[in-house]
Amino acid sequence: MENTVKLCFIAPLFLLLGILPLAFAGHDYSQALSKSILFFEAQRSGYLPRNQRVQWRGNSGLNDGKPSGVDLTGGYYDAGDNVKFGLPMAFTVTMMSWSIIEYGGQMAASGELSHAMDAIKWGTDYLIKAHPQPNVLYGEVGDGNTDHYCWQRPEDMTTSRAAYRIDPSNPGSDLAAETAAAMAAASIVFRRYNSAYSNELLNHAYQLFEFADKYRGKYDSSITVAQKYYRSVSGYADELLWAAAWLYKATNNQFYLNYLGNNGDALGGTGWAMTEFGWDVKYAGVQTLVAKFLMQGKGGRYTGEFQQYQQKAEAFMCSCMGKGNQNVQRTPGGLIFRQRWNNMQFVTSASFLLTVYSDYLASAGKSLKCASGYVSPSEMLSFAKSQVDYILGDNPRATSYMVGYGNNYPRQVHHRGSSIVSIKVDPSFVSCRGGYATWFSRKASDPNVLTGAIVGGPDAYDNFADQRDNYEQTEPATYNNAPILGVLARLHGGQGVYNQLLPVAQPKPVPHPKLTPTPASSSNPITVEQRMTDSWLNHGRTYHRYSTIVTNKSDKTVKNLKISISKLYGPLWGLTKFGDSYTFPAWTNSLPAGKSIEFVYIHSASPANVLVSSYTFA
């Protein structure tokens, strides 16, 4: 990034069982998804792995952290330079993780899930290294000023690789909280595939959130070299809420839900109606996540507060579509336009939020209420699709703003590595200023195609100049690509039944709940009681939400609980799958005497058969 990049978009989040009658055609979204993930391999720092697919890159930054006595190799260069900025890197990881959480199934169908998970892990492995102590976090390696003075490929860097950190004496709540959010979100991604790694990420997230909340301050007041490039304009209040929301999503720990409910007003979550979302401003993302919790029926005593979060989330959606009281500007060709410098970051993040929220509304059988009237979920998704199609070439210039996709894409990208011949082709050293003279000033295509990179994009009138020195328009960034992963996966999936989350904003009491109790006895001290808590009609089918409470009626603590569930035809929350049965949720491993656990599930059938198949007493 060549200067201060301001903010980015995002919107609310929810879905279940939304069938959207859109004909996704005209672009190869699977190919675009593959390429957009490949871009992250070109941004890698450190020792490259054996399965590295971007072959023109080599190892770089191998001494990062050594002067500070810490290993900071790895991670990502943020854009076209060779600095590792912690705030946008953590946000990139959070958004890649969110993309998989929502649309991992569609990524798997495209054969890209493992590549996307590798991209996340490359980031989280570095973030773990950057957090060597509970209250210490390294937030930058390299110096933007000296780095921008040079034009060198990463493999030849002679610029400063100083490491900058935050600690209790030099706080950075925004940086620590965003990193906590990234760790928590990624822990969800890896839970099914690598539980030990998932738990490690979660432990870092716990510590980072506590650090961020206890020692409050803006990170760029402590890491002042970041101010020119990634200044924290919004402060840290939004990141504290953002991290709490992700920690609640990852753990179901009531502490984090309470934090959101108790601090929504003081930290701005219920007050700010935003028209942007991104690496700096997280409010629309927080509001989207809280809207999800509300729609899951988890509002409880905070229902009123969470409704205010949701109202602000929906205001963001309406503004993006030009149907609110304060609408986002668009170019004549229809592209969301926020600023001339790397505007595309706002487009991809807004498209992501519109996509997930359209799916949530479709699942609930609801529409978005805007100042200009109601907007259907399919209309929201269609608008998000139009933004992606613009990026891929459906625009007045017929230019693809994803490098390597289509026939007409940027050839002179503002990117050191792609614009200089690969070290594997010509190992001759490229000096600091020599790179400017020899490579930066060349009026020719880049020797290395930066496949999948989404560049800054056109101006407010759809104009674009494919010139290397036009960094406002031709520089790519990791946080441009991260949100679009999920959207491309969703669009490639096309029509179908999507089962994201619970579909109701406010569960209505059922007059005659259906109960299926298992009586307690000396031989069966554990009871199971099921209750239908809501029903709704969606696309001609009636769906039911069932709450199931398992109670330990004995005077001993139950361990190793196994629950057998048959005739279950929908999603289930609150238990952990264990082979062909279920066991305790992730946040506990026992059930004390007299205590209960609750889980819920949804399907369009009678209650499932729930049976306690085995357990032991502690």
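Glycine is treated like the rest: Cβ placed from N, Cα and C.
According to TrEMBL, the active site annotation covers H414, D466, E475. As annotated by TrEMBL, domain 'Carbohydrate binding' applies to 526-606. For 1-25, the entry in TrEMBL reads signal peptide.
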| Length of the line joining the Cα atoms of H414 (active site) and E475 (active site), in Å | 5
| query | Measuring Cα to Cα, how many angstrom lie between D466 (active site) and E475 (active site)? | reply | 10
| Counts of helix, strand and coil residues, the domain 'Carbohydrate binding' (526-606), according to DSSP | 0 helix, 52 strand, 29 coil
| request: Give the residue from the active-site residues D466, E475 that has the most other Cβ atoms within 10 Å of its Cβ, counting over every protein chain displayed. | output: E475
| remark: H414 (active site), Cβ-centred 10 Å count of other Cβ atoms over all protein chains shown, is 25
| field | Model confidence over the domain 'Carbohydrate binding' (526-606), averaged pLDDT | value | 82
